[in-house]
Structure formats: C-alpha cells, structure tokens
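Features as listed in TrEMBL:
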COMPBIAS  1-12  compositional bias 'Basic and acidic residues'
DOMAIN    43-328  domain 'Sugar phosphate transporter'
REGION    1-20  region 'Disordered'
TRANSMEM  38-58  transmembrane segment
TRANSMEM  78-97  transmembrane segment
TRANSMEM  109-127  transmembrane segment
TRANSMEM  133-155  transmembrane segment
TRANSMEM  167-184  transmembrane segment
TRANSMEM  190-210  transmembrane segment
TRANSMEM  222-241  transmembrane segment
TRANSMEM  261-279  transmembrane segment
TRANSMEM  286-307  transmembrane segment
TRANSMEM  313-330  transmembrane segment
TRANSMEM  359-381  transmembrane segment
Amino acid sequence: MIQDEGDKERMSGESPMEARGPLLPLTEVKEQSQRPKVVVHSAVYVTAWIACSSGTILYNKWLLDTLGFRFPIVLTTWHMFFATVMTQLLAHTTTLLDSRHSLKMNKEVYIRAIFPIGFFFSLSLIFGNKAYLYLSVAFIQMLKATNPVVVLVITWSLKIKPFDAKTLFNVSFIVLGVIIASFGEIKFVLAGFLCQVAATGFEATRLVLIEKLLSSFKMDPIVSMYYYAPICTLMNLAASMWFEVPDMSMNDIWKVGVPNLVANAMVAFLLNVSLVLLIGKTSSLVLTLCGVLKDILLVAASILIWGTPVTPTQFFGYTIALSGLVYYKLGGEQLKQQIAGASRWWAEMGMQRPRLRQGLIFLGIFLCLIILVGGVGPRFVETTPAKTEKGWLRSVLGSVGV
C-alpha cells in the first residue's frame, strides 16, 4: 500500500511585536499539515503482477516462435543486460534498492552464494526460453506446476528438511495431474519437454540454494536482480557467443525490430518491480490463487492467440495438478476456512455489488468457452493446418494485427 505521509512542518508566525513588559518563556507551537493519503488497493498490485508475468511469457513466445527470433540465449542475455542497467539506474536515482545497504555483502559471499545461484538462474532462463521453440504456452504452464514438487525433492535430497511421507502423498497429485496432461498433449515434442524439465530442475535448485546460502539475507526480487543480473549477463554472453551468435546476423535483429526487443526487456524487468510492490500487500492465499488464475489465463491466451489444441485429457490432468498445488500450499484446514469465507464474500457481493458479481460470472463463462471451444475445436480441423496454426485471433485480425 503506497502512502504519502505528511511531514511535520514548523509554521513560522508573523514578526513579533515589541514587548511592552517582561516576556514570559513561550513554548514553540508545532502544527502538523498532513497531505491526503494516497491509497492503492491491493487488487491493483495483483493485477499488475499478473499482467507483467503473463505479458513476459506471451511476449517471449511471440518473439522466439511467431516472429522467428530463434535465439533464446541471446534474448536471455539481452534481458539480463537490460536488468543490470536498470537496477544500477534505480540504485543511484531512487530509494527502491536502499535495502541493499543493510546487507553484509562482500567478495566471499558473492563468490560462495551469488555466483552459483546466478549460474543456475541463467540455466533456468535459457532452457525455459528454449522450450518456447518447441512447446505451446499452455503445455509449458502445465509442466511448471511441478516446480514445488521438484523443490521439495531437492530439499529432502540435501537434507535441508526432513522427509515427510504425508507431504509426499499430497504433492503426488500434482505429479499425477501433470503426467495425465502430458499424455493428452497433441503436439508433444521431446526436445521441448526435456528443455522445460531441465529449466524446472535448475529453477528449483536456485530456490533451494537461496534458502540454504542466503537465508540470513533478506533480499526482495529487485535487490536480488541487482546482484544476479551482472553475473548472469556475463555467463549468458559467453554461452551465446559459443552457441548462437555465429549463426546470427543483423537481419535477425532488424526483422524483429529494436523497439520490440526493448519493450520485451522492459516487460520482463517490470515483472520484478511488480513483485517488489506486491510483497506485503496480500496474503499467501491470495498469491497462490492469483498464481492459479494467471496460469488459467495463460492457457486461454495460448488458445486464443495461437489456436493451441488442448484435449479433454489435458483439462482433466491440469485440473488435478492445480487442485493438488492449492491443497499443498494452503493445507486442508486453511482451505476449508477460506472456502467458507469465499462463500460468504460471494453472497455479500451479490447483495452489495450485483453488477460486479455478474461481470465476474460473465468473465468466467467467457474463459470456459475459450478453453473448451477454442482448445478442443482445433483437433477436429487438422485438415486445415493453416487456420489452426494462425489461431482464432490472428485469423480475425490478420497477421499484421497480431
């Protein structure tokens, strides 16, 4: 919540008149002039985070696949370089990164912790972007549901946390759902699947290393980027010079357009800024549910923009995975309480704000129609691959419009 608090100001009076008698000691009067507080609702921060997170994923897919800029390592290097420049500018011109001054960061900590974490961060970004060359956004989001499971397995392997059979049983539903969704994938590409599995493993390793090596360092996402971005830029640059730059030409950049690349990097950077603004504004429950909503919206967007076919088997498997994810993060008791609270909130909204409730119902029906009709529909028109490949939105607006 952003608040502008009025500072205490000393109000100077008029010049004192000449004293006609002995002066008594006067107490200085201080008045407070408070500026009106600007309150931003938490829904604004949540919406900004969902927009930036979804926008980054869709934008990357569009650049790498639709526009044909098939250089994921170069794109990741550009993102990290842009983040390095922006964090340095913010550090010297704003107070957004002032919390870094309280960190006891030195050369030893940087080499022992920041370097290995940055290494796995780079690998997760590279393989994650490379997966977009082969797989749909919808299927990638389904595979990403296994992230907390992989984190849990690694923490058990490194003995950071003791093994818990009950927790293993709970997360098994996530794995089961993703397996079912994978079997239902029509355009399954093994190379893309392995890239996303590798990205998930590297990202989980990064999160575990942060917990193990930097647990005493309280860093928000943008301060973390301040330290990680430079080393990630150098690592990715070395990898791109070896694997991708020899096959590139300036025509590849001109074809995509420099403004597109700048806008793409800006959206990716704003994702970290939105996370900083979101921290502390909402509960873990809201973040979990918003994450699920974001994944559903991405699946719908993938269907709408690229005409991604999604089978009933995938719907069934992904529903199991998301349900297991929510149950694992919240627990049974808290989930029951929140469901009861949500029911009361829904009933109150119907009485106090009926139009808003009707709008939410309409939005839910619209998303369901997009997913059901748009996702399942393309399976039955495989004889016209051109329309299926372009997707509904592109067929309506034309290739230039998209």
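Glycine too: its Cβ is placed from the backbone N, Cα and C atoms.
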Same-chain residue ranges lying at least 6 outside the transmembrane segment (78-97) that approach it to Cβ under 8 Å: 122, 125, 222-223, 225-226, 229-230, 232-233, 236-237, 261-262, 264-266, 268-269, 272-273, 276
Overall pLDDT for the domain 'Sugar phosphate transporter' (43-328), taken as the rounded mean: 89
The transmembrane segment (190-210) in contact with the transmembrane segment (286-307), cutoff 8 A, at least 3 CB pairs, sep 6+: no
Best-contacting stretch, by C-beta pairs under 8 Å, relative to the transmembrane segment (286-307) and drawn from 133-155, 167-184, 261-279: 133-155
In contact by Cβ distance (the transmembrane segment (109-127), the transmembrane segment (222-241); 3 or more pairs under 8 Å): yes
Annotated stretches the transmembrane segment (313-330) and the transmembrane segment (133-155) touching (3 or more Cβ pairs under 8 Å): yes
Close approaches to the transmembrane segment (167-184) from elsewhere in its chain (Cβ under 8 angstroms; 6 or more beyond its ends): 139, 142-143, 145-146, 148-149, 152, 193, 311-314, 316-325, 327-328
